[in-house]
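Quick notes on the structure that follows.
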Amino acid sequence: MGVTGPDRRWSLHWPLRDSSVDQKERGGQKNRASDSAAKLGTFSGVFVPTTLNVLSILMFLRFGFILGQAGLLGMLGLLAVSYTINLVTTMSLSAIATNGTVKGGGAYYLISRSLGPEFGGSIGIVFYLGYVLNTGMNAVGLVDCFTQNFGTESGTLSNFLEEGFWWQYLWGTIILLICTGICLAGSSIFSRASNGLLIILLVATFSIPASAIFMKPFSIPKLHVTFTGVRLETLLENLKPRLTKGAAGSQIHGRENFQDLFGILFPATGGIFAGASMSGDLKNPSHSIPRGTLSGLALTFVTYTLVIVAMAASITRESLYKNSDIIQVTNASGVIILLGEFATTFFSALMGVIGSAKLLQAIARDNLVPGLKIFSKGTEKNDEPVHAIIVTFVVAQLTMLFDINQIASFVTMTYLMTFLVMNLACFLLKIGSAPNFRPSFHYFNWQTAAAGALVCGATMFFVDGVYATGCVGILILLFLLIHYTSPPKPWGDVSQSLIYHQVRKYLLRLRQEHVKFWRPQILLFVANLDDQYKMVSFCNSLKKGALFVLGHVIVTDDFSSAVPEARRQQTAWTKFVENSKVKAFVNIAVSPSAEWGIRNIVLNSGLGGMRPNIVVIDQFRNGQSLVETLQPRKDSNDRHDGAPESAVDDIPRPQMSCANYVTILEDLLFKLRINVAVAKGFEHLELPTSGQHQKKYIDLWPIQMSAELGADSESKKNVLTTNFDTYTLILQLGCILNTVPSWKKTYKLRVAVFVEYETDVDDERGRVQALLEKLRIEAEVLVFWLACGDVKSYRIIVNGDRSPEVRDVQEKVQTVLKDEGWWLDIEKFRRRSHNQPQSDDFGADLGRVSSWHGASSHDTVQKAPAQLAGGLKKFIQSTKRRRSISSFKGLGGVNLGMQTHRLLDSFVDYDSSDSSSSDSELEPYADDREDDTNHRRPASPDTTKHDVPSIVAPGTSPKSQASGARPPISRSASSNRFSSSPIPEAKVNTDEGAGPSIMFALSSSPPRASNRRESIYTRRSSSVGSGTASGYPRRASVPLSFNDLPSRAQHLILNELMAEHSSETAVIFTTLPSPMEGTAQGEAASESYLSDLEVLWQGLPPCLLVHSNSMTVTMNL
């Protein structure tokens, strides 16, 4: 069947035709073949440049001076040290160059692709500066050669060349112009020029030992020259070092030393990167660089050795001291030496122009430093760096204006530093043990690379510590500049291999952290970046240098189709993390349901000892989900750069039910036993980096939640506990956020607590301040009391106030509590008691209310106040939601509730030697329900009140708790309520065991205990009177307290209190009331729980509601 149209396929039987693509491909192949033919081989591209660059003009000008000072043995020792550095560096260079494809840039390219852009770019720029300075220095050196031979004043062969500073500057400019012209003409002309110069240089160099052998002895007293020919006596005279002062060629005022001698000799051997600098013009850089460099190194070492030995055996010591131009004077032909000097200096200048220009072009093409883009351009034919060549010529012109000796010292430092970094790169690649580091050059190991790096570093400071320090400073500045301005590069540097190796090593060593070093390791579940960006930024500030994981769940039943989406999301979120500088990991899960996805991420996040210890989830929102459900993707071209696609698409997300949300909470709280935080309203968070700040505070509301641990049998007592760990975790998180400089500078930390009555305010303030002092937390302490008359919802609910001044809140209270049965009964009774206080119907109502809990009807009227109080309180308590908690050692069930607890005086007692408490210490210390305890728990008439960290009694041995996690607790149903009682005293455990070092102390009778143990329904009014200011209910009202109220009423009162006092607050940390275990089994119960939370935080600033399951603070050193 034929196929037509755009999808038409060619048959193998059809006649072959040349398509335009084929023609282009063949044309490209021809171009590549011609380009390959134009490129340089090993000899002309590496061997010749290396040999010409290493055979320096210093051999002709300074070898006589060095030999006269160091002697034959000393000079050969200096030469051996120099070539040892060169050899190990060449071995490292060869190893890196043979491990992959090498492009233009030479040593810079090799270093940057090994150590990364910061190291590569900084050392590349330093090496470029050294290259250019060396170019100018060689141009000046060539001019000096000409003036010494042809100068009008000092010429030995002729006197036609004008001398003087500006004349010499003119001659140097002409030399640089010639070199620049040759470089602009292309690599082929450069290669031909190099080959000719090499021949001249080798002839001139080998003429030195030839002259020593074949020339007859002579003496020129005028020039202080005595030539003896090859004689043993002359050799022995020049054998040992003899350091003098003021010799010809000396650059210092004092006596010579080996530091200066090495500083002069080493640049004569340091041009080993000349061949590598031509890497962009080589046919096969990986093959040519090692062979050509090592061959050139071997030839120059042999050549230098022959020259030094020949000079030592034929020239007297006195001649070496007094004539710096001794080589030319004692040679068979001075013109040959002059040509050799011309060849080496001209080539060094030529190599400096082309090599440094190509280096600058490579740096510019990598876009490491702003403003260098113009130098990345090259010619269309051979990619010659025209702009880079021109700017190199200009910089070299400026170089000739400075002192040559200072330039030489800086050039030496740049060479040594480049050698050091090259060896360091090879060393790190080798010890990183990356499988892909398999160089074809095998003659190296990590010891040679490490030795090379160390020797180069030591040599830098040995030669000149001042210049070495300056060079290192320049390198650091460039490193920081590139680090903060350069965009990320996909090169892959050796640091990643080293980090991987070390991280794996130390993760295996990392154990579960001690509470002393606890820090928040946060797992934040995110679904939509646009809505949750501020939450991500907030958690990033809160992590305190610890682990931060962004969890993202994709819900789908088709796993195979979700894998590409998961990979895309992983890439997108990772890109967001990199671009936003959030220090977080990304964890993507694909799951058939939100619950299973979150479970999987919580269980699998982290590695080894680094695992999340706090899970942060967003508040429940109608019509939204904590996760993303995979839908057919819509095509969208207008997305935010760097943002995950799910954050900006318009795909409708399925609604998460109340039961689903509460299931997640129950899993985290009761099954996984991890610390949990619910974030509310963070899309409105005012970040300290936003610029304009209308908020002033970070408020901590560490509200108590009490628990009654039920006994398993009648013989055991119930234990009343408090949530110490949640209380202190709130303080800990607030303190951590306040240590972040931007948050500390912008906001002030406050701790807000409340009690019910004015008489507890001072005690509570003192106890909270004592706790903060023990925990080393600096914060302003605010203490409020509910019965002050300012909290209108409290007056309405507790006191039955219906005055006009609370009318604005009355409607809100009625709206929130309209479906609460206990509230309807109280309202009904209050209306009847107000209208018919002494009628028979009133007595009947009392009897009915009292009979809810078995009271006798015949004495209803006689005991109206007490029975009314007990009946109503018991009725309210019977309607409170309850939840299970888990098994707690030998204790039975546990009832959690919000109750008022004072901080005990024993809480500030540092003596923990007493493990037992008297009966009086175990009595309730602020329990206003003492009168009806036996009615509620007839099987367990005594109640022991323990204030323990996170439902753990302090009587248990601390040594039994090896970690910060709490032991499981057996819990019965419990009401989910707050407490307005003063917190217990903080007790410090002096035993340095594995258990908690600070906790709420065992209950002891506080001062004024007799008054505390009276019920609020029977105690007398204070001296202030019976007005509302005292806080006690009126005689005609239903006598209630904050602790008697169900959770929704408590939340309503606390919401008004926090809203009134945190209006200028950026973020609130407070306690998360946990649901009863099993609440998620019913949608109605789940909705009721979430409605209670909504009542608590409605209208408040951004809130983080926290529940802790582990210790987070300690007093141990």
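Cβ atoms here come from the backbone N, Cα and C positions, even for glycine.
In TrEMBL this protein carries:
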- 40-61: transmembrane segment (TRANSMEM)
- 46-523: domain 'Amino acid permease/ SLC12A' (DOMAIN)
- 73-96: transmembrane segment (TRANSMEM)
- 108-131: transmembrane segment (TRANSMEM)
- 169-190: transmembrane segment (TRANSMEM)
- 197-215: transmembrane segment (TRANSMEM)
- 261-282: transmembrane segment (TRANSMEM)
- 294-315: transmembrane segment (TRANSMEM)
- 335-355: transmembrane segment (TRANSMEM)
- 410-431: transmembrane segment (TRANSMEM)
- 443-461: transmembrane segment (TRANSMEM)
- 467-485: transmembrane segment (TRANSMEM)
- 535-617: domain 'SLC12A transporter C-terminal' (DOMAIN)
- 630-650: region 'Disordered' (REGION)
- 631-643: compositional bias 'Basic and acidic residues' (COMPBIAS)
- 910-919: compositional bias 'Low complexity' (COMPBIAS)
- 910-1033: region 'Disordered' (REGION)
- 920-931: compositional bias 'Acidic residues' (COMPBIAS)
- 970-981: compositional bias 'Low complexity' (COMPBIAS)
- 1018-1029: compositional bias 'Polar residues' (COMPBIAS)
- 1050-1113: domain 'SLC12A transporter C-terminal' (DOMAIN)
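Beyond the transmembrane segment (410-431), the same-chain residues lying 6 or more positions past its ends with a Cβ under 8 Å from any Cβ of the stretch are 85-86, 88-89, 91-93, 95-96, 99, 107, 110-111, 114-115, 119, 123, 126-127, 129-131, 133-134, 137, 263, 266-267, 270, 273, 437, 444-446, 449-453, 456-457, 459-460, 463-464, 467-468, 470-472, 475, 494-495, 497-498. For the transmembrane segment (197-215), same-chain residues at least 6 beyond its ends with a Cβ under 8 Å from one of its own Cβ atoms are 48, 51-52, 55, 59, 227, 229-230, 303, 306-307, 309-311, 313-314, 327, 330-333, 336-337, 339-344, 346-347.
Among the stretches 169-190, 335-355, 443-461, 467-485, the one making the largest number of Cβ pairs under 8 Å with the transmembrane segment (40-61) is 335-355. Residues of the same chain lying 6 or more positions beyond the ends of the transmembrane segment (335-355) and with a Cβ under 8 Å from any Cβ of it are 49, 52-53, 55-57, 59-61, 106, 131-132, 134-136, 138-139, 141-142, 145, 149, 157, 175-176, 179-180, 182-183, 187, 190, 193-194, 197-198, 200-201, 203-205, 207-208, 271, 274, 277-278, 327-328, 389, 392-393, 396. When averaged over the domain 'SLC12A transporter C-terminal' (1050-1113), pLDDT in the model lands at 91. Residues of the same chain lying 6 or more positions beyond the ends of the transmembrane segment (443-461) and with a Cβ under 8 Å from any Cβ of it are 84-85, 88-89, 91-92, 94-95, 262, 266, 413, 416-417, 419-420, 422-424, 426-427, 430-431, 468-469, 471.
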